[in-house]
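Over in TrEMBL, the protein carries these features:
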BINDING   HIS83, HIS182  heme b b562 binding site
BINDING   HIS97, HIS196  heme b b566 binding site
BINDING   HIS201  ubiquinone binding site
DOMAIN    1-209  domain 'Cytochrome b/b6 N-terminal region profile'
DOMAIN    210-376  domain 'Cytochrome b/b6 C-terminal region profile'
TRANSMEM  30-56  transmembrane segment
TRANSMEM  77-98  transmembrane segment
TRANSMEM  113-133  transmembrane segment
TRANSMEM  140-166  transmembrane segment
TRANSMEM  178-200  transmembrane segment
TRANSMEM  221-245  transmembrane segment
TRANSMEM  272-302  transmembrane segment
TRANSMEM  323-340  transmembrane segment
TRANSMEM  346-366  transmembrane segment
Amino acid sequence: MYKASRFSPLVSVVRHTVITLPTPINISTWWNFGSLLGVCLVIQIFSGLILSLHFTAHTDLSFYVVIQSFGDVYYNWWFRAFHANGASFFFIGLYLHIGRGLYYGSYVFKEVWSVGVVILLVVMASAFLGYVLPWGQMSFWGATVITSLFSALPVIGSDVVIWLWGGFSVDNATLTRFFGLHFVLPFMVAGLAGLHLFFLHDQGSSNPLGVSSDYNKVVFHHYYVLKDLVGVCFFLGPLLGLVYFNPWLLGDPENFIEGNPLVTPHHIQPEWYFLFAYAILRAVPNKLGGVVALAAAVLVLFYMPFSPKTSIKGLSFYPGGKSLFFSMIGVFFLLTWAGSKPVEEPYVVISQVLSFLYFAYFILIGPVTRVQDKLL
């Protein structure tokens, strides 16, 4: 009796979270990405823990330890390929999850949305730190370029850069602290994900129609548990196919060359999931302005809960809003393409135009939907 009463609160929390949770009956497949991201987070933490057992955070050893462990450590190649490609799939899930939230107006739940944006920022930081660890050419120069951006901050910029580096250049101290932070941040993401779920279950899920579904709900299990499991299978299929058949498709060949501070790569660029922000950074000729634009590219999501309210949540019944949204999706893909190109004409001008269109969406979407509300 004592043990049952002792663990009953935990059992009750799990039961109300994944079994008896009232869920709108009409939510679609676009609501699967929350559970998929949870699966991705577990995969990244577990594979990262395995890789950390065979990693040495030292500039003279890291690159060779990573290469040597391919052949010397049983199935280490699989864990590294799974971890690297899992990061890409994590960001695919994140961007689709955010896109669904923008389209269906999930940002009206301020606490849920704000914690979600914080999760995005922490995941981006963790991904950047992890990209530095193999200490290849793109890792080293990527770390040098991105951390140098903090020097644009007025007054404290130079001190912040020295603190990040642990010295006067990207070196052993930098790699050591990046490894420590990369190890810790995923657990912070897990905690934030728990807070995200807490607010979500407190306020309830949205639905494709954007109307109240308080009187039309079903329990989460087994209706949506089975649906999420099917989604996980479809999500893991392409990931495993990439791991087994072309594990380095999304990587940069330069990262198979050891980091060398005396040889600069012809074209320094981050991983594909940062390219849209990288293009916005390069579109601004002023260094401080570029850093501000880079930060604003993500921080602008915090503005959405405070944008003008509409009579119906989401864009399903707003033709003008839908056109703007899908135009913004196209702009996002074009920015990703522009970020992969050299810093030269015509790509600089293209990036400037696309950056303007990207920010214009967040300014115009509220007024456009409000105008249609008045017309109706």
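From the backbone N, Cα and C atoms, a Cβ is placed for every residue, glycine too.
Contact between the transmembrane segment (346-366) and the transmembrane segment (178-200) is not supported, since fewer than 3 Cβ pairs fall under 8 Å when only residues 6 or more apart in sequence are counted. Within the same chain, the transmembrane segment (113-133) packs against the transmembrane segment (272-302): three or more Cβ pairs sit under 8 Å, each pair at least 6 residues apart. Of all the binding-site residues in the record (HIS83, HIS97, HIS182), the one with the smallest CA separation from HIS201 (ubiquinone binding site) is HIS97. Look at the binding-site residues HIS83, HIS97, HIS182, HIS196, HIS201 and count other Cβ atoms within 10 Å of each Cβ; HIS201 has the fewest.
Across the domain 'Cytochrome b/b6 C-terminal region profile' (210-376), the model assigns an average pLDDT of 90.
A gap of 20 Å separates the Cα atoms of HIS97 (heme b b566 binding site) and HIS83 (heme b b562 binding site). HIS196 (heme b b566 binding site) sits 24 Å from HIS83 (heme b b562 binding site), taking the CA atoms of both as reference points.
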